[in-house]
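Straight from TrEMBL, the features:
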DOMAIN    86-154  domain 'Anticodon-binding'
Amino acid sequence: MVGPPKKEPNMTITDCPEERVGHTFLLGTKYSTPLGADYMKADGKPSPVQMGCYGIGLTRTLAAAVESLSLPDELRWPLAFAPFSVCIIPPKDGSKESSVSHLSEHLYESLHSSTLFDDDVLVDDRGQWTIGRRLFEAKKTGYPFIVVVGKKATEVEPLFEVYDLLQNIKLDLCHSSLVEYLINRCTYHET
């Protein structure tokens, strides 16, 4: 098509950001001539076919997916590309909450035993760092789901803080609801 697109009645054209992930290349007759790939013109004489190809850049696709989801201060991976789907942040060593550190291990085992999360759960065991610093680092790294075992985990019914970066929400969930939530969110038809 040459020139701007025709505007149909009752049609609005909206500018939106785009990311180039593929290219088309006009190869001309570079390969068709040596291969003898000809077609018959209307006058009956053979002529080499004009060739072209299309390519999608794998690294460009990955970069475009991350760029479209990320915020200025947070990397956000699509679930299928994330290095780990879930990052669990236990309490800081020696903190008031450190008595519930075992809940992080229990949660890890619950998720790890699911075939959905086999080798897809990370525990940030840098216990010398505060929860806040590790949460900041986890958001910068872009794990789709971050689970904090913090102050609310010390309650009679322990609650876990769940940061769903894909939906940009924070939830407080008990263990069983958390596992169910993550399983539902990590099935690919829902993300």
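Including glycine, each Cβ sits where the backbone N, Cα and C put it.
DSSP assignment over the domain 'Anticodon-binding' (86-154) gives 35 helix, 11 strand, 23 coil. Mean model confidence of the domain 'Anticodon-binding' (86-154) amounts to 94 (pLDDT, 0 to 100 scale).
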